[in-house]
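Taken verbatim from Swiss-Prot:
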- Ala9, Tyr10, Ser11, Gly12, Gly13, Leu14, Asp15, Thr16, Ser17, Ala36, Gly117: ATP binding site (BINDING)
- Tyr87, Ser92, Asn123, Arg127, Ser176, Ser185, Glu261, Tyr273: L-citrulline binding site (BINDING)
- Thr119, Asn123, Asp124: L-aspartate binding site (BINDING)
Amino acid sequence: MSKEKIVLAYSGGLDTSIILKWLQTERNYDVVCFTADLGQGDEVEEARVKALNTGAVAAYALDLREEFVRDYVFPMMRSSALYEGYYLLGTSIARPLIAKKMVEIAEKEGAVAISHGATGKGNDQVRFEMSAYALKPDIVTVAPWRDWDFQGRADLEAFAREHGIPVPTTKKDPWSMDANMLHISYEGGPLEDPWTEPPTHMFKLTVNPEDAPSEAEYVEIEYVNGDPVSINGEQLSPAALLTKANEIAGRHGVGRIDLVENRFVGMKSRGVYETPGGTLLYHARRAVESLTLDREVLHQRDALGPKYAELVYNGFWFAPEREALQVYFDHVAKSVTGTARLKLYKGNCIVAGRKAERSLYDKDLVSFEAGGDYNQHDAGAFIKLNSLRMRVQKRVEDKGKK
């Protein structure tokens, strides 16, 4: 009798190799492995070969870099979303694409279930499984970290040795890392103390601001209909553009954030993030928007952005409310066409100029010189009418004191 198949999100590391063997031996599945290339820098073909050598019946390694940036990162950026005011959602936005590909592979392979290596305390388990259920409601999800009986790292390594899985002998960094084209996140180990400063050697994408060049660098980023299309006049594909933005901002130490965030599962956690290119694009986009978006549209968009960020963070990418908000943000983004010039210097990203063909900024209108559509004499009536409710409120309060 043939075994049922399960699709595993496989990184090639020790933990997912153990999960692969555990799914075979303890759950009696034929395991199909899937490794996504999201620009994390790992050798995905090596992971595919390792999966087959570890016992997978099939293994996929897919280059998703362009799709990731074009269909997930850039649409998210149109909202100017920041989770809790800081986080550019680098890990959160990668999970729905991985889940989507897992479901597609499951359908192709006739698999009945999917599995992942996310722990039972984090957000990723929610993001993977919510996305999968939204796309394939009857899919079975297996989360080994919630299910197995291993009590700690020693038990995991003993299981690995028992089944011929190589256990690294070199000492690992005491923190966990998750990387893709948009960012690298660091959690755990010494970072669990929110008073402890991250060690300088931890960072991979950005130089320490103190060690950045002593001369500022200027960069120009052009936007068309809400998305960046060129850097310093060079037209680039979405993935190539983000890669270049990472390189430019990273060498100036731009894009580090350190925050204590509220996880969807109910606890607070400390995360340290490097998002050099994303930070550069965020400031460039806002500079162009300051010229091209109507005041009320801009304020409304910014009011909706935190909700959108929350939906992405909590795993609701494929939910109808996120898709409805996306329609609004995409419509607003049609007005965001122009160029921003930014100055990068020792961890700082400073707007140094912006221009747009359809700019709403009217230099003549804001000039102190007379003329134009604005009559300063009208301002008195404008102020008086807008203060009416406060004047009424004050009169009522004064009457109550008598």
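The backbone N, Cα and C atoms fix where each Cβ goes, and this holds for glycine too.
Features as recorded by Swiss-Prot, highlighted on the structure.
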residue: Ser11; record: ATP binding site; Cβ contacts under 8 Å, 6 or more apart: Thr35, Asp42, Ala47, Gly117
residue: Asp15; record: ATP binding site; Cβ contacts under 8 Å, 6 or more apart: Gly117, Leu156
residue: Ser92; record: L-citrulline binding site; Cβ contacts under 8 Å, 6 or more apart: Tyr83, Asn123, Arg127, Val312, Tyr313, Gly315
residue: Thr119; record: L-aspartate binding site; Cβ contacts under 8 Å, 6 or more apart: Gln125, Trp145
residue: Ser176; record: L-citrulline binding site; Cβ contacts under 8 Å, 6 or more apart: Tyr186, Glu187, Gly188, Gly189
residue: Ser185; record: L-citrulline binding site; Cβ contacts under 8 Å, 6 or more apart: Gly90, Thr91, Met177, Asp178, Ala179, Gly271, Val272, Tyr273
residue: Glu261; record: L-citrulline binding site; Cβ contacts under 8 Å, 6 or more apart: Tyr83, Glu84, Tyr87, Lys268, Ser269, Arg270, Gly271
All-chain count of other Cβ atoms within 10 Å of Tyr273 (L-citrulline binding site): 26
Candidate binding-site residues Ala9, Gly13, Ser17, pick with smallest Cα gap to Asp124 (L-aspartate binding site): Ala9
Sparsest-packed of the listed binding-site residues (Gly13, Gly117) - C-beta count within 10 angstroms: Gly13
DSSP-derived structure type at Ser176 (L-citrulline binding site), helix or strand or else coil: strand
Additional residues around L-aspartate, ordered along the sequence, whose Cβ is within 8 Å of the centroid of Thr119, Asn123, Asp124: Ala118, Lys121, Gly122, Gln125, Val126, Arg127, Val265
Neighbourhood of Ser17 (ATP binding site) by C-beta distance under 8 A, where only residues 6 or more apart in the same chain count: Tyr10, Lys50, Thr54, Ala160, Ile165
Intrachain C-beta neighbours of Ala9 (ATP binding site), sequence separation six or more, cut-off 8 angstroms: Thr16, Phe34, Thr35, Ala36, Ile98, Met102, Ile114, Ser115, His116, Gly117, Phe128
Lowest local Cβ density (other Cβ within 10 Å) among binding-site residues: Tyr87, Arg127: Tyr87
Cβ atoms near Asn123 (L-citrulline binding site) (within 10 Å, other residues, all chains): 20
Neighbour tally for Asp124 (L-aspartate binding site), based on other Cβ positions within 10 Å of its Cβ: 20
Structural state of Ser11 (ATP binding site), classified by DSSP into three states: coil
